[in-house]
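Please read the structure below before turning to the comments.
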Amino acid sequence: MTTTIEAATALFTDLTGRAPDGVWSAPGRVNLIGEHTDYNDGFVLPFAIPHRTYAAVGIRDDGLGRVRVASTFADAPVEVSLDQLDELFPTPSGTAPGVPEWAAYPLGVAWALRQAGADGRGLDIAITSDVPVGAGLSSSAAIESATASALNDLWAAGLDRTALARVGRRAENEAVGAPTGIMDQMASMLGEPDAAIFLDCRSLDANLVQVGIAEAGLAILVMDTRVKHAHSTGGYGERRAACERGAAIMGVPSLRDVSVDDLTLAEELMDDVTFRRVRHVVTENQRVLDTVKVLREEGPRSIGDLLVASHASMRDDFEISVPELDTAVEAALAAGAIGARMTGGGFGGAAIALIEQDAVQQVTDAVNAAFAASGFTAPVIFTVTPSAGARRDA
Ligand code: ADP
Ligand code: MG
């Protein structure tokens, strides 16, 4: 990993000429299974990855109540007053004037924390990250969770991890304008080594599930297609709207309340597109429950079919895959993967494959060859292990 505590500290010192009060970090995540179920009050099973975003943060002594953010991702720092945050946000359908999109993540977290009752002096925030951006690995939750953890400590706000996840989600929804669910922030806040987080997105009840991937001689391969997605635009919002429509037709608060047995009725009541969106969410919820059961009772070798069924459902019913994701999944399976699926919100980003540890090279070569044969940009392929959630590093 190239991004270190030292790099964030150095960026902070370049910006301010002083040392930070501390460095906090939070990981990106991979979702093992459970896609587009989070905002339907359903179930997800993500885990935190080794790639992390670091925030070196220090209180400002100038008494001006201003907050400044810098990131290696951006050309120039952005500075606003804390009071101004309440005028800038919320911005449900786009970025606030004068605030570049990237800065709306950390500034939105400062705003959302204040909305949650936290308050304190002005701050400088310097951010570095090695979470691939826009790859469906949730660099957005990583920056939110690192910032939220830092400000929670420095402002002595005392919020727990779940409350900080809500703060991050609020920043993403209302300051950035991306209508995403709570999964990413919960995974980034709650991750533990070798465990996935079985999250009930209705109650926010989270249980760690030991995945035992390494013990079983297996590995998880991430295949980043390098097709960038954008949650604040396009199909993501349209899929949410279809889910809400489907729930309204079924007369329930959310698709969580529709079971696989109800699908026959659903098909009679709604148009074909809405029905297929509903069928994805309803069957995906069941697949998450089945995956947790299989992991607990049989271990990771037995979840392959569930991963493959999840991908087919996203490709055919929810229609959020792209040719690059399908190619990655098909090539990995053809090269011997136990299971594979796209992960994250779709329309680009990454796919994962569950493979034998000694097949990493073979599957990587096969996926690279399939991309070359299709004329796609070469993917970025690496393994991940379930890793620790947000923490203070220094
Ligand atoms: P994903 O979460 O899949 O990586 P998103 O579109 O949800 O993709 O979030 C990516 C956006 O988050 C970037 O375009 C940028 O605005 C912001 N972001 C992520 N990491 C950083 C960072 N290290 N510094 C500044 N902004 C970041
Ligand atoms: Mg994101």
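Please read every residue number as a count from 1 along the shown chain.
The backbone N, Cα and C atoms fix where each Cβ goes, glycine too.
Automatic prediction, not curation, is the source of TrEMBL annotations.
Here is what TrEMBL says about this protein:
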- Asp184: active site, proton acceptor (ACT_SITE)
- Glu35, His36, Thr37, Asp38, Tyr236: substrate binding site (BINDING)
- Gly134, Ala135, Gly136, Leu137, Ser138, Ser139, Ser140: ATP binding site (BINDING)
- Ser140, Glu172: Mg(2+) binding site (BINDING)
- 11-58: domain 'Galactokinase N-terminal' (DOMAIN)
- 105-191: domain 'GHMP kinase N-terminal' (DOMAIN)
- 294-372: domain 'GHMP kinase C-terminal' (DOMAIN)
- Arg29: site 'Transition state stabilizer' (SITE)
### Task
With Ala135 (ATP binding site) as the reference Cα, tell me which of the recorded positions Arg29, Glu35, Thr37, Glu172, Tyr236 is the closest one.
Arg29
#### Entry: Residue from Ser138, Ser140, Asp184 whose C-alpha is spatially nearest that of Thr37 (substrate binding site), among the recorded positions
Asp184
### Candidate with sparsest Cβ neighbourhood (10 Å radius) among Ala135, Leu137, the listed binding-site residues
Ala135
### Task
Do me a favour and check the Cα-Cα span between Glu172 (Mg(2+) binding site) and Gly134 (ATP binding site); whole Å is fine.
14
### Message
Filtering Glu35, Gly136, Ser140, Tyr236 (binding-site residues) by proximity to ligand 1: which pass a Cβ cutoff of under 6 Å to any of its atoms?
### Response
Gly136, Ser140
### Query
Counting each residue once, how many in the domain 'Galactokinase N-terminal' (11-58) are helix, strand and coil under DSSP?
9 helix, 25 strand, 14 coil
### Query
When DSSP states are grouped into helix, strand and coil, how many residues of the domain 'GHMP kinase C-terminal' (294-372) land in each?
48 helix, 12 strand, 19 coil
### Query
What are the other residues, in sequence order, whose C-beta lies within 8 angstroms of the center of the C-beta atoms of Gly134, Ala135, Gly136, Leu137, Ser138, Ser139, Ser140 at the ATP site?
Gly28, Val131, Pro132, Val133, Gly344, Gly349, Ala350
